[in-house]
Amino acid sequence: MRLQRQCIVVNMRSAIVLIMIFVLTGIRNSETASGGNQMDLSDSKGDHKDNSNASNGNGNANDNEVYVPPLVSSMVAKSGGGAGGLLDNITAYSSSSSSSSSNGNNNMLCPYDKETPCDRLQFPCIRCNYNHGCIYGRDLNVTCEVINNVQCLGERSFQRQMNCRYCYQTEMWQQSCGQRSSCNSATDKLFRTNCTVHHDVLCLGNRSFTRNLRCNWTQGYRWSTALLISLTLGGFGADRFYLGHWQEGIGKLFSFGGLGVWTIIDVLLISMHYLGPADGSLYI
């Protein structure tokens, strides 16, 4: 008994509709990616300008100073200012933000709760006397003291252990860095971003700094999907449209895949990860 093979027959109208869908999708994805990248570039330029102005105006800042958010500064201005009012508003702002956080008491900053042990407080609620002459990489004990107008339980001066190193030398899991989606991940480039160490980390120098990170972001393109489309519909330029290279996709469509040569080349390029999304993102 012979087995009959079932074939799927696609007429010319269905093929044209399918190709037009890939063309419109590729154009839309490329325009969306380019528009998002321009917005990210403008935002990064604005952030860089704000950071440069802040650094020029606060050249004498050290790691023991408490950062005052703009909202708190406006609250202080409305209340009449003063050192005592400033610290009161700092604690009020910190307690309100900690109440809305779901991470519990570990992330509280300057709480009003008198039952909180003083030795559990973190930056910026404490100030520590750092020994800048310590040996790099060695663990040492430093004396920390709770800042004024912060209520806590126990001794306001206590010992805490730290590792002798500057803040920019801490591990990556001890830092929070801003990510950028305006860089090209395919070329394996580096980009400069702002990083800040976590509140529970004690270190020397400025707690906020800039560093170079490797560009690594995705936009939802799958390598397996791109390879499958290239193997099946590569002759119509569907793989190029899927990845956002719609200009090359149109040329590939009207040349019937470069008479088969272009199709084979694209299959090899996609399989070896040489051909990626047009927006510079990585495959997922």
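Cβ coordinates are placed from backbone N, Cα and C, and glycine is handled just like the others.
Listed in Swiss-Prot for this protein:
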DOMAIN    220-267  domain 'TM2'
CARBOHYD  Asn53  N-linked glycosylation site
CARBOHYD  Asn89  N-linked glycosylation site
CARBOHYD  Asn141  N-linked glycosylation site
CARBOHYD  Asn194  N-linked glycosylation site
CARBOHYD  Asn206  N-linked glycosylation site
CARBOHYD  Asn216  N-linked glycosylation site
REGION    33-63  region 'Disordered'
SIGNAL    1-32  signal peptide
TRANSMEM  226-246  transmembrane segment
TRANSMEM  250-270  transmembrane segment
Could you tell me how many residues in the domain 'TM2' (220-267) are helical, how many are strand and how many are coil under DSSP?
40 helix, 0 strand, 8 coil
Neighbour count, 10 Å Cβ-Cβ cut-off, for Asn194 (N-linked glycosylation site): what number do you get?
15
Could you check the glycosylation sites Asn206, Asn216 and say which one's CB has the fewest neighbouring CB atoms inside 10 Å?
Asn216
Between Asn216 (N-linked glycosylation site) and Asn206 (N-linked glycosylation site), how many Å separate their Cα atoms?
26
